[in-house]
Amino acid sequence: MNAAWLPLATLATSILAAVVIFLLPEESRRLRTGINLAAAVSKIILVALMVGRVSQGYQDTFSFQIVGGIDFVLRADALGVMFAGLSSLLWLCTTIYAIGYLEGAANRKRFFGFFSLCVASTLGIALAGNLFTFLIFYEMLTLSTYPLVVHAGTAKALAAGRVYLRYTLTGGVVLLLGTVMLYSLTGDHSFASERGLAPYLNDHRGLLTLIFVLLVGGLAVKAAMVPLHGWLPRAMVAPAPVSALLHAVAVVKAGAFGIMRIIYDLYGIELSVELGVTTALAIAASITIIYGSLRAIAQHELKPRLAFSTISQVSYVVLGVSLFGPFGTIGALVHLLHQGLMKVTLFFCAGNYAEELGIHRIDEMDGAGKRMPLTSIAFTVGALGMIGLPPVAGFITKWYLGIGAIQADMYWVVVVLVASSTLNALYFLPIVHRLWFRQGPAHGFGEWPKEQRLGRLETHGWLLWPAVFTAMVSIGAGLLAGLPFSPLDWATRVAIGEYLP
Amino acid sequence: MTWRFGLTEATFEPLWLTHWVLAATLALPILFGLLGALFSPRRTLPVALVCVPILLTGVLLLMEYQQAGLLRWQWQVAGVTVSLRLGGVSILMLLVTQWVGAAAALYTPGHLRLTNPGKQARWLWPLMGVLISALSLIWLAADLLTLYAALELMGLAAVGMLLLSGKPAALQAGMRYLLLALVGSLAYLLGVALILGYWGQLNLQALAEVVEPGPVAWIAAALIGAGLALKAALFPLHGWLTPVHESAWTPVSALHAALVVKASLFILLMLWNILLPSSLFAPRFVAWLGMLAIVWGGLVAWRSDSLKTLVASSTVAQLGYLMVAFPLIIGPDIPPLPKALAWEGFWLQLIGHALAKAAMFMAAGNLILATGESSLKGLAGTSRRLPLSLLIFGLASVTLMGLPPSSGFTAKWLLLQAMVMTQQWVAVVALLMGTLLTAAYVFRVFRYSFDETAPRHHYQPLAPSMDLVALALALAAFALGLLAHLPLALLQGGGV
């Protein structure tokens, strides 16, 4: 039985929310909040339904023909549902956070309208059943993020928006070219097809490699792989919820997720290894990991440091994908989820410090743990997870990636992993040290740059609880990794599906 | 290839009712236009009521076409044979003309109410009616003389509408346009005379059977091509286009950019298809010019400081996409699959651009009217004060950029696929460059509009109909991306 309505309804929830928000007047704050939360919650319910259906072995598909030979396909498969689950869970947290963050700010209607469109695009990317549909939502994501990047309307924000477009639109054009060439060669090719592109290998080896380079090159822009990463640190000028969800999760993950789709569901992992493209990708990912970490150490402001850390961390996903073997795959898949949870926590906390205390630079953070204990605990959890310490979720990723590298006989990858963990510790531990062990304004030395008392607790409740929640989920995902429906369990299910068809 | 234009024998005779519907299609716009001059409506409702029967004739013809396939008419009038045909392309373009025309008509009352241009505004209505009738005739005509008459009528009505605003700049630009349009007509007429003298045929279908490649066909095609390229503002003969739009009224600009230039391009494609059935050089030449047009139009739009110049220059670039498809449609040695893809892409691009450009002119007109400034800098802060107009501009520009899920994207996809299959890599690069250039100039508009530091000043409130009409057009252009098979299915049926 095919429940075609299910993927469609999931996608429609946030598109409808966007339309309704655009229709409402700017002043109707309560109604907009209600719609936002209702849409986010119903989306989680729908995604949970999809998870249930997929675990029972169904692949609900919605499709119709656009023109001859080209279909629009939404399909709920295990990999897609995983990404959809991540984005819908974090959407709820970020919506709550954004409502608190933008309290009293201007242009909230525009913000939430485009925010919903972004999430709709992310969901479309997750559920796209072929490359054409993927491309549609991938470009939609670019367009709907632009108004959020330039939201502040300052000269700096507008300049960042211009850089952002320059990178992402060019990447989109390259991706379009690759997609058109692939369709011209093979016709419509569903992600669900079992055969991969192997039948074309003998006659079109060079062309297949070229198309792979175009596709992955286009996607690598959004995945912020070096040297195509320049837009991400600049885009940090956007409001904190945008940095948290989009630049830590949705946009960069859309690129990484796309690379996964290309390798696992389009080319097939055997063919990718045969073409030799995975080794090249592993090297590119390793360079990005090291380079991102080195640049992160050099940053003096909190958000840019987190941004460079994102650049480095997202490439773990790509690295895992390019290791041939089930453990590398599990590591990549599970990192897609874990990194999202931990990074969103870190960005929430960075936003809290900026809103409550006016802290933007790292050397202003001395002793903030005493003033904002819960936020600082959440930040510490996220930071330790990024370094890869148990029991936070990040440990599992690095463990599986390491085993995967050894199984694939790529020992240099282990060196990269160790080096990168050391670098992570080098740029995160000083912050943690400042938070808890330095004396600062909370101990009576100097004062905070711009302190506001936003709530009864250490800050506004709408800002605090999402950060605490995601921090707890990050620990939970690590501690309870053995339970069914945990990220690790689901990633294992996907990986088994890939390697044992 | 002539079957694609519906130049074949029809299976069925038109019913008597169809004759009347055809007559109504051609006569009603003029009739209602004259009524408009008499009553000079200031409200949207009467205009909407009048549009209904016109749109109804189009729907009836569509139903007739879907039942009977190709339809032909032929009459002897004073010794001259007038022949019409209703094929797939004809009905598609007829519908687009009627709907865009209706949108422009619905937009006009609000615009006139707010700008208050004086007495001569009443003449807009009959001119608009004549324009729609002439365009309808162009899509239907199947002989060279009727085509010429309709083309001339359309050109004169267009010049008249452009002159109406009465500003000195408009008069100067309009007179230049008139002069060039007449030169274009003359070149076209010379070509027709050559054809008539050599082959003695004016009927397109008969002509297609007797034409053989040779110097006569080449010279005739060159004359006709040059004349029509001038009228269609194809690069590098586009110099008159921007000044004309700079001072024209918004609904006039919308109609002109959406339909008038396309009509000349349509005739050009059809006649070359007959005269140069397997020429290698001519379509390639047009395609090279098209690539230059994409780059040049994009650069001019990028550098411009005035919103209307930006929108008008973008037409030059967008026509370039259509020119690039010429060798795929009428060139030799193109396999059937890429040819069919290019054919579909061509028309989808043309329709998508017609709808989106009309919407964009209206949105730009609204922004200019509301802010009272015609420069890009004057847009600062509009994202807060005029979000709807800006959203419409954005939707229209997504189509122009060719980003999904708009019709521009699906059209570009079809064209790209045809080009990749036939290994035309330069054209592929031009098309992709076009996307980036379009994004560059479109997002300049948004960069100014998102500026929050701008001083606030008074904005003129707009009539709701003005925004709603533009929104409907932009959404239609958008929706045709995913629903592309609806218009394209009509193109398939022509060759039964």
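Keep in mind that glycine also has a Cβ here, set from the backbone N, Cα and C atoms.
Bear in mind that TrEMBL entries carry predicted annotations, made automatically and left uncurated.
Record features, source TrEMBL:
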- A:6-25: transmembrane segment (TRANSMEM)
- A:37-58: transmembrane segment (TRANSMEM)
- A:78-99: transmembrane segment (TRANSMEM)
- A:111-138: transmembrane segment (TRANSMEM)
- A:128-421: domain 'NADH:quinone oxidoreductase/Mrp antiporter transmembrane' (DOMAIN)
- A:164-186: transmembrane segment (TRANSMEM)
- A:207-232: transmembrane segment (TRANSMEM)
- A:244-263: transmembrane segment (TRANSMEM)
- A:275-294: transmembrane segment (TRANSMEM)
- A:314-337: transmembrane segment (TRANSMEM)
- A:372-390: transmembrane segment (TRANSMEM)
- A:410-429: transmembrane segment (TRANSMEM)
- A:462-483: transmembrane segment (TRANSMEM)
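At the 8 Å Cβ threshold, with sequence separation of at least 6, the transmembrane segment (A:207-232) comes into contact with the transmembrane segment (A:244-263) through 3 or more pairs. Within the chain carrying the transmembrane segment (A:275-294), a Cβ under 8 angstroms from the stretch's Cβ atoms is held by residues 201, 205, 208-209, 212-213, 216, 220, 224-226, 229, 259, 263, 267, 269, 308-313, 315-316, 318-319, 321-324, 410, 412-413, 416, 419-420, 423-424, 426-427, all 6 or more beyond its ends. If one looks beyond the transmembrane segment (A:78-99) by at least 6 residues along the same chain, the residues whose Cβ comes under 8 Å of a Cβ in the stretch are 10, 14, 33, 36-37, 40-41, 43-44, 47-48, 50-51, 54, 111-112, 115, 119, 122-123, 125-128, 239-241, 244-245, 249-250, 253, 257, 260-261, 264-265, 333, 336-337, 340-341, 344, 348, 351, 462-463, 465-467, 469-470, 473, 487, 490-491, 493-494, 497.
Recorded stretches compared: A:6-25, A:37-58, A:314-337, A:410-429; the one with the most Cβ pairs under 8 Å to the transmembrane segment (A:244-263) is A:314-337. When each of A:6-25, A:314-337, A:410-429 is checked for Cβ pairs under 8 Å to the transmembrane segment (A:37-58), A:6-25 comes out on top. Sequence-distant contacts of the transmembrane segment (A:6-25), counting only residues of its own chain at least 6 positions beyond either end whose CB sits under 8 Å from a CB of the stretch, comprise 31-32, 35-36, 39, 42-43, 46-47, 49-50, 53, 60-62, 74-76, 84, 91, 109, 112-114, 116-117, 119-120, 123-124, 127.
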